[in-house]
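As recorded in TrEMBL:
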- Cys168: active site (ACT_SITE)
- His247: active site (ACT_SITE)
- His342: active site (ACT_SITE)
- His346: active site (ACT_SITE)
- His375: active site (ACT_SITE)
- Asn379: active site (ACT_SITE)
- 26-312: domain 'FAE' (DOMAIN)
- 338-421: domain 'Beta-ketoacyl-[acyl-carrier-protein] synthase III C-terminal' (DOMAIN)
Amino acid sequence: MELLSFLLIIPIFFLLFKIWNWINDVRDQQCYILDYQCYKPSDDRMVGTEFSGEVIKRNKNLGLNEYKFLLKAIVSSGIGEQTYGPRIMFSGREESPKLEDGILEMEEFFHDSIEKVLSRAGISPQEIDLLVVNVSMLSTVPSLCSRIINHYKMRPDIKSFNLTGMGCSASLISLDIVRNVFKSYKNRFALLVTSESLSPNWYAGNDRSMILSNCLFRSGGCAVLLTNNKSLKHRAMFKLKCLVRTHHGAKDESYGCCVQREDDKGRMGFHLSKSLPKAATRSFVDNLRVITPKILPVRELVRFMAVSLLKKWNVVRHGSSHKGASQGPIKAGVNFKSGVDHFCIHTGGKAVIDGIGISLDLTEYDLEPARMTLHRFGNTSASSLWYVLAYMEAKKRLKKGDKVLMISFGAGFKCNSCLWEVVRDLGDGNVWKDEIYMYPPKTLVNPYMEKFGWIQDEDPSTFNPGD
């Protein structure tokens with residue numbers, strides 16, 4: 001009898017041991033943000049209305065119709081007068097860039113933000129185990145990763161990843177790499193560096209689908225310090241709950257909506273097609289299908305299913321009869337606010353922010369961080385999400401236990417999203433600290449129309465951009 005009991009206890013203990021190991025592994029797979037630092041260029045790189053006009057007039061390939069197109073694009077873009085451009089624009093060499101211009105733009109950002117985030121966290125460069133850098137429009141040899149490792153004299157066994165060509169959604173792709181490496185290694189520090197190089201990518205032609213990118217993108221970047229060391233979770237700012245990536249590169253229309261290519265004159269630029277909104281919508285919908293069950297409570301999912309079934313039954317019962325139509329449609333939308341407290345939206349443009357707001361039934365309060373970030377810093381490509389997050393923090397909106405949904409889009413075409421949990425109350429100073437009291441401003445009216453609206457009344461036969 002004792003032998004039988006002993007034989008029964010062994011598999012029970014073995015099962016408990018396996019369960020304990022599984023729980024321990026899951027705990028070690030956590031991903032925390034210890035700190036992050038958004039880059040704020042110096043004021044001598046600020047792009048105001050007058051300077052923008054000067055840069056546009058330097059392009060001798062533009063005619064009156066292109067000027068009108070640019071005026072309309074800038075006025076409706078949601079971008080203000082305090083965004084930043086690369087130094088090459090201020091020296092008047094945007095049409096003849098050198099490799100060193102792109103490298104200098106990146107190094108200014110690297111040396112500022114990386115040093116600040118490591119110093120504030122009390123972490124030395126030699127303690128970094130994983131480095132992930134993403135800059136889509138610049139590829140150098142040695143890589144940007146190697147330049148950072150050399151500058152900070154990091155360890156020879158550091159794991160590094162250098163991502164290019166991944167578009168505005170590259171921040172979350174970099175984060176996915178960090179998360180997956182953390183699954184295999186315990187108690188590690190990771191540095192995620194995200195930015196975009198504008199210096200070598202100014203378009204000097206007159207193709208409307210390509211000059212649009214000159215209006216939208218601005219300089220910026222962010223350095224993020226992460227760890228999976230659970231003993232440091234009391235110092236952490238955010239904890240990653242889930243991440244979902246959606247890639248529609250197999251669809252030709254989606255693949256071709258954002259492409260770097262040459263125009264018919266051989267001038268390099270970034271083409272944005274009219275199919276972009278459609279591609280973004282499709283990828284966004286597919287991404288939501290996957291992430292929604294992961295972030296919303298069961299009661300909301302059950303409610304959504306019940307309302308959807310009721311709507312289908314109502315359609316089958318009444319068909320297209322006037323009687324059924326008179327009762328009005330039954331909405332089957334998901335209430336994302338039941339599982340999400342804050343929405344961190346990529347600042348791809350005013351239309352992007354508006355579209356997500358309508359799709360998720362968000363209020364102006366929810367959209368304010370993205371709108372203000374677009375107005376103050378512009379579209380800083382993959383780093384824009386972190387400026388939006390910093391706005392929420394500076395406004396003291398982020399409280400312990402809150403959930404933050406990040407949504408980003410990028411060439412390919414891709415939609416990536418993730419959910420963060422706020423680990424502690426946040427409200428420390430960041431890139432917004434000196435001016436957050438001014439936001440939101442009383443008006444977001446763009447002054448370009450006031451200063452350059454005269455273009456609308458010009459005669460094509462007598463128009464002279466040098467006037």
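Glycine is no exception: its Cβ is also placed from the backbone N, Cα and C atoms.
Where the annotation comes from TrEMBL, it is an automatic prediction and has not been curated.
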So among the active-site residues His247, His375, who's got the most Cβ atoms within 10 Å?
His375
Other CB atoms within 10 A, centred on His346 (active site):
30
Whole-number answer please: how many Å between the C-alpha atoms of His346 (active site) and Asn379 (active site)?
8
Per DSSP, what is the helix/strand/coil residue tally across the domain 'Beta-ketoacyl-[acyl-carrier-protein] synthase III C-terminal' (338-421)?
40 helix, 21 strand, 23 coil
Could you check which of the active-site residues His247, His342, His375, Asn379 is the closest Cα neighbour of Cys168 (active site)?
Asn379
How many Å lie between the Cα of His247 (active site) and the Cα of His342 (active site)?
25
In the structure shown, which of the active-site residues Cys168, His342 has the fewest other Cβ atoms within 10 Å?
His342
Cα-Cα separation of Asn379 (active site) and His342 (active site), in Å?
20
Around Asn379 (active site), how many other CB atoms lie within 10 A of its CB?
25
Over the domain 'Beta-ketoacyl-[acyl-carrier-protein] synthase III C-terminal' (338-421), work out the mean pLDDT and round it to an integer.
95
Could you state the whole-number distance in Å separating the C-alpha atoms of His342 (active site) and His375 (active site)?
19
